[in-house]
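Trainee: Questions regarding the structure given below will be posed in turn.
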């Protein structure tokens with residue numbers, strides 16, 4: 001008989017029973033509770049250790065095994081469930097199963113379990129489910145709020161939630177501050193960030209490293225270098241993230257290049273460990289600087305520290321060298337990289353346009369799939385008409401891969417086809433774009449305008465204005481089209497002017513210059529001057545536009561005054577400016593002043609004269625009768641004289657009756673462009689004026705033999721006064737194509753007689 005049975009049987013010995021049995025029962029209960037706690041701790045430790053070793057599958061397996069053994073409730077608790085949910089790592093199916101089990105077993109009443117469930121749904125991409133659970137929590141803690149806050153992907157919604165947290169009296173912790181500050185972008189977000197900074201002291205987190213780093217990032221992203229630096233300097237302890245946050249923010253801003261380099265230097269002096277973020281940030285800074293030497297020094301440091309072959313560092317180095325046009329350095333970095341992605345290959349394609357297609361093929365062979373930026377680089381590599389077939393192949397590949405509907409790709413195709421005058425293909429590319437931005441419309445309008453299709457440009461502008469909001473480049477292109485179109489009424493330009501005034505775009509230099517140029521080319525120089533005077537900021541383009549306007553109107557004195565004022569304002573003239581000034585000198589017959597300006601362009605501003613500059617000088621000398629000097633200057637033109645220069649020289653030979661030189665120049669012009677009538681007509685007139693009729697007849701005979709005919713000259717008249725008037729009526733000498741031509745000729749005769757009676761001279 002056991003002692004226990006004995007004690008039960010012998011009740012008379014109650015003292016012994018109480019003495020021995022009661023302590024045994026208590027000890028058994030204590031032992032059972034202790035072993036249960038130890039078992040729970042052991043299971044939780046096993047799951048936690050698996051997670052620490054990045055083995056979520058093993059963690060879930062341990063949870064499942066113990067669940068099957070029926071240990072839940074005895075050896076597993078709310079901590080076990082939290083760890084199991086953490087192990088799901090976005091596995092929605094298992095997460096939902098554990099969530100269901102937590103609900104049926106009543107463990108969702110523990111706020112930590114609900115937090116874990118919300119975290120699981122957030123990681124699985126089911127943020128709505130997490131939000132629904134949160135809204136039904138009776139007493140959410142700060143972790144609950146933080147879990148939801150970290151799940152937002154919209155800055156404004158996240159900031160509204162932060163305001164809600166403040167209103168609910170939630171005491172922010174370091175995670176709350178760092179997460180909230182990551183959403184503080186833009187002016188509204190920055191203001192909220194400043195408010196949060198004022199509350200940090202109250203929570204005692206002003207010295208927290210994570211919070212300090214978050215404030216540095218917020219200030220840096222908002223472009224407040226002083227604010228970021230102040231937070232940085234006030235931090236009692238700084239880690240590598242602190243330095244990198246300051247450095248990265250400055251490099252992205254782009255206007256604090258020098259400061260970023262100084263901070264990088266200080267990091268090295270302080271012995272702070274540099275990582276790939278440090279190097280990519282400072283190299284990005286070099287992209288904003290013109291000092292290539294600095295970039296090479298940092299590159300050398302990358303090599304010493306073993307970071308050159310890293311993907312992020314290699315890509316940013318390639319980008320830097322590409323922007324500087326150092327192709328060999330781009331290639332060198334590319335070949336040193338141990339890993340390459342689409343950014344690496346795309347940079348190579350964009351940098352090396354001559355071999356862009358072969359690089360693209362190697363990229364595909366390497367198993368890297370292109371993106372829209374890759375195709376934009378490929379399209380831009382098509383440089384001449386002979387390569388247009390390559391462009392068509394690229395277009396076909398874009399159609400197959402679906403990138404043709406991407407706006408950036410479509411816009412590049414529009415620009416490409418417009419450059420090579422393939423406007424039907426440009427229209428097709430435009431129609432293939434699914435969501436047309438204003439850039440797409442601008443590309444089409446500009447393409448039509450540049451190719452002389454002014455009516456189409458105007459119609460495209462009207463369609464764009466009906467569908468989207470035009471910007472300064474839209475107006476710049478359409479005004480350019482109107483400026484050069486003699487058969488479009490100037491009223492259309494005035495309507496565009498009124499439209500852009502309503503949109504507040506009149507202060508944009510691009511728009512003002514286009515307006516100024518349009519009015520000048522259409523004969524309204526007073527309106528051009530008015531636009532110019534109303535501009536608060538005048539850049540090189542604006543000055544050139546007003547000088548060109550007065551030059552086209554033959555106002556030499558005003559041109560020279562504006563030119564000298566431009567220089568006095570420290571605005572450097574460019575080739576177009578000098579061409580306009582030379583044109584004014586030519587029309588005024590100021591040859592010596594023209595020579596002075598021509599030499600200034602070369603010697604003072606180091607500008608290489610173009611064919612147009614030489615042509616203007618040759619014409620200027622020729623008109624002044626200095627034909628020998630003109631001939632000598634013509635022989636100095638790089639690549640030889642062009643057709644327009646020869647025509648100009650031929651006109652001067654006719655003006656001064658130099659038959660011998662005229663014949664020589666005409667022969668060169670006819671060899672260059674045998675199909676054009678200008679040289680034949682000019683030479684015929686030279687012979688006719690000298691009464692050398694036999695030679696004049698030979699010119700006529702040569703024209704008939706080569707089927708060369710003189711092109712008819714056209715004039716235009718604006719007769720429309722209605723709002724819908726888009727065009728002007730064109731006519732040529734002796735033109736009778738109009739159905740009312742007889743009435744028109746009679747009216748012209750009457751007007752001519754009336755002009756004579758008024759003392760006016762008809763021209």
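Keep in mind that glycine also has a Cβ here, set from the backbone N, Cα and C atoms.
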Trainee: Suppose you had to name the range Swiss-Prot annotates as region 'Type E(+) motif'; which of 592-624, 724-756 would you pick?
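Mentor: When 592-624, 724-756 are checked in Swiss-Prot, region 'Type E(+) motif' belongs to 724-756.
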Trainee: State the non-local partners of the repeat 'PPR 11' (406-436) in its own chain: residues 6+ outside its ends, Cβ under 8 Å from one of its Cβ atoms.
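Mentor: Contacts of the repeat 'PPR 11' (406-436) (Cβ under 8 Å, skipping residues fewer than 6 from its ends): 372-373, 375-376, 379-380, 382, 385, 388, 391, 395, 398-399, 443-444, 446-448, 450-451, 453, 456, 467-468.
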Trainee: For the repeat 'PPR 9' (350-370), find every same-chain residue at least 6 residues outside the stretch whose CB is under 8 Å from a CB in it, and list them.
Mentor: 318, 321-322, 327, 330-331, 340-342, 377-378, 380-381, 383, 390, 401, 403
Trainee: Counting by DSSP, what is the helix, strand and coil composition of the repeat 'PPR 9' (350-370)?
Mentor: 15 helix, 0 strand, 6 coil
Trainee: By Cβ distance under 8 Å, which residues at least 6 away from the ends of the repeat 'PPR 2' (110-140) in the same chain are close to it?
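Mentor: Long-range Cβ neighbours of the repeat 'PPR 2' (110-140): 78-79, 81-82, 85-86, 88-92, 95, 98-99, 102, 147-148, 150-152.
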Trainee: Near the repeat 'PPR 4' (173-207), which residues from the same chain, at least 6 beyond its ends, have a CB less than 8 A from one of its CBs?
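Mentor: Counting only partners 6 or more residues beyond its ends, the repeat 'PPR 4' (173-207) has Cβ contacts under 8 Å with 142, 145-146, 149-150, 152, 155-156, 158-159, 162-163, 165, 213-215, 217-218, 221-222, 224, 235-237.
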Trainee: To the repeat 'PPR 16' (574-604), which of 208-238, 508-538, 610-640 is linked by the most Cβ pairs under 8 Å?
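Mentor: Stretch with maximum Cβ contacts: 610-640.
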Trainee: Residues of the same chain, at least six outside the repeat 'PPR 5' (208-238), with any C-beta under 8 angstroms of its C-beta?
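Mentor: Tertiary neighbours of the repeat 'PPR 5' (208-238) are 174-175, 177-178, 181-182, 184-185, 189-190, 193, 197, 200, 245-246, 248-250, 252-253, 255-256, 259.
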Trainee: Against which stretches of its own chain does the repeat 'PPR 15' (539-573) lie, if we need a Cβ under 8 Å and a gap of at least six residues from its ends?
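Mentor: Apart from its flanks, the repeat 'PPR 15' (539-573) reaches 509-510, 512-513, 516-517, 519-521, 525, 528-529, 532, 580-581, 583-585, 587-588, 590, 593, 601, 605.
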